Structure formats: C-alpha cells, structure tokens
Amino acid sequence: MTTNKPSFSYFKVLVLGQLPRFTLNYFGTDFTDNYVESIDDEFRKTLKFGQLPLFVDSDGFRLTQTDAICKYIAAKHDFLGKSIKERAIVDETIAAVHDDVIIPGYKVGKGVEDKKVIDTIISRHFTTFENVLAENKFIAGGDNYTLADLYVFVAYHYYKHLGHSEKFQNKFPHLEALQAHFESNKGIAEYIKNRPDSGRGI
C-alpha cells in the first residue's frame, strides 16, 4: 500500500495552528506543512466541520480540531502520561491552555478583547503553572515531560510573541527553564526560525 507523508493545514497566524505544528516538529515528524491563505467552497466541503486545522496522516486518516490532533500525535509517542492521573492532568492542562490562555490572548491581539484580560491570565494561569513546576518539575507530575508541558510552553512562547514579555520579567524562572528546554529541541528551533510571518502579530 502506498503511503504519503502526513500533512497539516492551517493559516499563517499562530493561534490554534501553532499547537499541532509545535507537536509535530518536537517529534521530528516529516510532514508537509500547508500554510493556507483562505478556504474556498470546494476545500471547505472536504473539511469535517468546514474549518481548519486539518491533519492527514500517512495512511489517509483525517483529523480536525487542534487538541484532538495534538493528542493523536502525542499518543503515537507515549507523550500523554503514564498513569490515569497524569493523563487526566494532561487533559486538564490542554483545556486550560486552549480555552483560557490561547484564545483570549488571540482575541486581545486581534483587538476584540480588553487588554486587562492579559494581566488576569498571567496572574492566574501562568503563576499556577510556575508553582506546579516549582513543586513537581513536570506539569502532570510523573517523571517526564508530557503534552501538558508542551502546551504550557507554547502558551508562554505565544504570549511573548504577542508582546507581553515584560510582564513575565523575573517572575517565572521555571517557565523560562521550560521554554529553554523545548526551544533547544532541533525540530522546534527550526520551526520557530523558518515559520512565515502572518503580518498580523497573532
């Protein structure tokens, strides 16, 4: 049976596309990364819910929804935690990062959300992540990194990209160490270096 390289499709903006792209690149996946300008009617008909992102595996398996894609990729690499409790915390972290950090940050960057939201998120979510790392070393506990750590890193990286670096200054040493760990990964370093600029800052 002929197989093709996996492919991932999303726009140039980071937002929800960055999480699967970071995950794929972290594991050194050889995949075709499609930066989509717009979704025409024909393309939309091929999408399960009429929207991106879209991941197509080498065997033709198609998957949409950011978190489902990331968990599918992570599962292939035993990156979802070893115990039921770790996996539950991974799910908890994924939901918090996606719904309470990435989306509001994007909305502020787009100008449709009050900037005061950023201070609340930093004091509530990033402080919580910092405290967890100070106590446990890894977000989900356990003895190794999981998708929860990668999600927290992406959120931290994204907020710096959005221009909030000075709000983090000297406050989150464990998050800084987490960022250094993931950005030392060859695949992630190459992705950050070579990804196109959306021109929109988000």
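In case you wondered, yes, glycine gets a Cβ from its N, Cα and C as well.
For Thr2, the entry in Swiss-Prot reads N-acetylthreonine.
With helix defined as DSSP H, G or I and strand as E or B, the domain 'GST N-terminal' (4-81) counts 26 helix, 14 strand, 38 coil. The annotation domain 'GST N-terminal' is assigned in Swiss-Prot to 4-81.
Its own atom aside, the Cβ of Leu52 (glutathione binding site) has 21 Cβ atoms within 10 angstroms in the protein chains shown. According to Swiss-Prot, the feature glutathione binding site maps to Tyr10, Arg44, Gln51, Leu52, Gln65, Thr66, an assignment based on similarity to another entry.
What Swiss-Prot lists as domain 'GST C-terminal' is 83-200.
Candidate binding-site residues: Gln51, Gln65, Thr66. Fewest other C-beta atoms within 10 angstroms, Gln51.
For the glutathione site, whose annotated binding residues are Tyr10, Arg44, Gln51, Leu52, Gln65, Thr66, the maximal Cα to Cα separation is 17 Å. Long-range Cβ contacts of Tyr10 (glutathione binding site) within its own chain (separation 6+, distance under 8 Å): Leu16, Gly17, Pro20, Arg21, Asn34, Tyr35, Val36, Leu52, Pro53, Leu54.
Break the domain 'GST C-terminal' (83-200) down by DSSP state and the numbers are 87 helix, 0 strand, 31 coil.
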